[in-house]
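Asker: So that we are looking at the same thing, I have put the structure below in structure tokens.
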Amino acid sequence: MGMRMMFVVFLLVVFASSVTLDRASYGRYASPVDRASALIAQAILRDCCSNPPCAHNNPDCR
């Protein structure tokens, strides 16, 4: 293979991996760790919003 062809193959691999990584940040393609983090954050916020002193200091509860 010539240098030009190797460069084109390299660019195709980089492009394909960047598209795959971009998809990983969306809903059903999200990793289990991301989903777990979101669920934990929702649980903490729900508990905080049910507590009046915490809800008063947290703008997400309003």
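The backbone N, Cα and C atoms fix where each Cβ goes, glycine too.
Not my notes, these are from Swiss-Prot:
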DISULFID  Cys48-Cys54  disulfide bond
DISULFID  Cys49-Cys61  disulfide bond
SIGNAL    1-18  signal peptide
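Just tell me what is around each of these and how deep it sits.
Answerer: Taking Cβ-Cβ distances under 8 Å and a sequence gap of 6 or more within the same chain, the neighbours of Cys54 (disulfide bond) are Asp47, Cys48, Cys61. Secondary structure at Cys54 (disulfide bond), as computed by DSSP, is helix.
The Cβ neighbour count for Cys61 (disulfide bond), using a 10 Å radius and every protein chain shown, is 15.
Sequence-distant contacts of the signal peptide (1-18) (same chain, at least 6 residues past either end, Cβ-Cβ under 8 Å): none.
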Asker: Report, as a single number, how many Cβ atoms besides its own are within 10 Å of the Cβ of Cys48 (disulfide bond).
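Answerer: For Cys48 (disulfide bond), the count of other Cβ atoms within 10 Å is 15.
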Asker: Have a look around Cys49 (disulfide bond) and count the other CB atoms within 10 A of its CB, chains all included.
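Answerer: So the number of other Cβ atoms within 10 Å of Cys49 (disulfide bond) is 14.
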